[in-house]
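Student: Structure below; questions to follow.
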Amino acid sequence: SFVFIEDFSKAMSQAGSSQFQEVIRQELEYSMKVELDKILATAHSNEIEHTKKDLEGFKKLFHRFLQEKGPSVDWGKIQRPPEDSIQPYEKIKARGLPDNIASVLNKLVVVKLNGGLGTSMGCKGPKSLIGVRNENTFLDLTVQQIEHLNKSYNTDVPLVLMNSFNTDDDTKKILQKYSHSRVKIYTFNQSRYPRINKETLLPIAKDVSYSGENTECWYPPGHGDIYASFYNSGLLDNLIAEGKEYIFVSNIDNLGATVDLYILNHLMNPPNGKRCEFVMEVTNKTRADVKGGTLTQYENKLRLVEIAQVPKAHVDEFKSVSKFKIFNTNNLWIALSAIKRLQEKNAIDMEIIVNPKTLDGGLNVIQLETAVGAAIKSFENSLGINVPRSRFLPVKTTSDLLLVMSNLYSLNAGSLTMSEKREFPTVPLVKLGSSFTKVQDYLRRFESIPDMLELDHLTVSGDVTFGKNVFLKGTVIIIANHGDRIDIPAGAVLENKIVSGNLRILDH
């Protein structure tokens, strides 16, 4: 490449004339095209077609990345959404359900975003295969939920998994175990894009392979890729041909994202006769959610604004719970016909998320991504629904895992609901230290999951283990300093306690 640029955006802003900037842009695009052509040339005949589609999609994204500057929202134009554009869930529920709920359900497809690995929790394979409750994985629970729906209403709601090249093989092996379940399961793969060297802005991959040492050269470009991949896979057209009308999309690790019949009915039988093409479930922010994307009114359209798009001077305002009261749960209901129409017109507009990474060898790369909810502004008649917090129960860390494994929740037909024995509807705040980060370490440290029905706050730090049948109540803080170890004995009841120092329970 003819030029190495330390910080591309800085160079762009310093470059005086727009003509000079345009020359640089064209050079970078040309260099990128040359590199991508070299990569494509290494593909086997059976890979050429989909590799070409992937690289074309990437080229479009890269082109937009070079065109856009800085955070992509003009803060002055951001307004609070109009009252009627975000409806309270209670109002939608109050309409009740029609007698023919089965005919409404038969128009639905459940899509789970299944591209992620369990690396943040120390697991190698797909995150969806981590055991969450009584040996059941995220995927097991999802299949059980839909099977229960299909049996209860005698319907045929299919499950579609959007895999990535990271999760596809392992997921497909596991799917064989559901071959007798009453759920049709389909999969399609999201695109595979090349990571870019942050300094040269060229791909680090030299050929098309993505195994062995090449695994770090490629990435799945975020869940915004669902529209193009779903369409390109042919599955979208097949489902439309079968008479399906809406998809319900959510992250597979959000255990609160079950099919809601009231929302579905609102979509299929809108009170004003005009159907929504896109519904985003939002929920009230707490102080723990300050980074979540929020719905705003922008140029007369509902628009999702993520923290990465906010100019630095306004980040605190964005995080405030008083101005932006809600955030996006990433539970979305989208009309299939609208996806097809917009995809064919190339009219789905999503902001680019630039995600910087440092590889194991120290190389700085960037990956260009998009988010599925950001497309809301491209659809007609979009709506936000302010749902109860119980519909947002993501398991991102072992601290989250502890909550969903505990007696705070009861499991019924794949769905978790807050135990009626808990006196207040909020979840305790749990912070487990780094000794608990990996699932296998976490499991080793609990002989059984403590009773947490009366817990408000738990902080654990250092080398701590829990015996069987421990009760945690109120605020409990357990801190083992470096070199110390604390064993909480079986049957212990800790209520509003701070435990620190060294506590070994020795067998005699």
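Heads up, residue numbers simply count up from 1 along the chain you see.
Each residue, glycine too, has its Cβ placed from N, Cα and C.
From TrEMBL, for reference:
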{"type": "BINDING", "residues": "Lys127, Gln190, Gly222, Asp253, Lys396", "note": "UTP binding site"}
{"type": "BINDING", "residues": "His223", "note": "substrate binding site"}
Student: Just checking a number: largest C-alpha distance across Lys127, Gln190, Gly222, Asp253, Lys396 for the UTP site, rounded to a whole Å.
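Tutor: Binding-site diameter by Cα atoms for UTP: 21 Å.
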Student: Name the residues of the same chain, 6+ apart in sequence, whose Cβ is under 8 Å from the Cβ of Gln190 (UTP binding site)?
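Tutor: Non-local contacts for Gln190 (UTP binding site): Gly115, Met162, Asn163, Ser164, Pro220, Pro221, His223, Asp225, Ile226, Ser229.
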Student: Select the most exposed residue of Lys127, His223, Lys396, where exposure means the fewest other Cβ atoms within 10 Å, treating these as the binding-site residues.
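Tutor: Ranked by other Cβ atoms within 10 Å, the binding-site residues Lys127, His223, Lys396 bottom out at Lys396.
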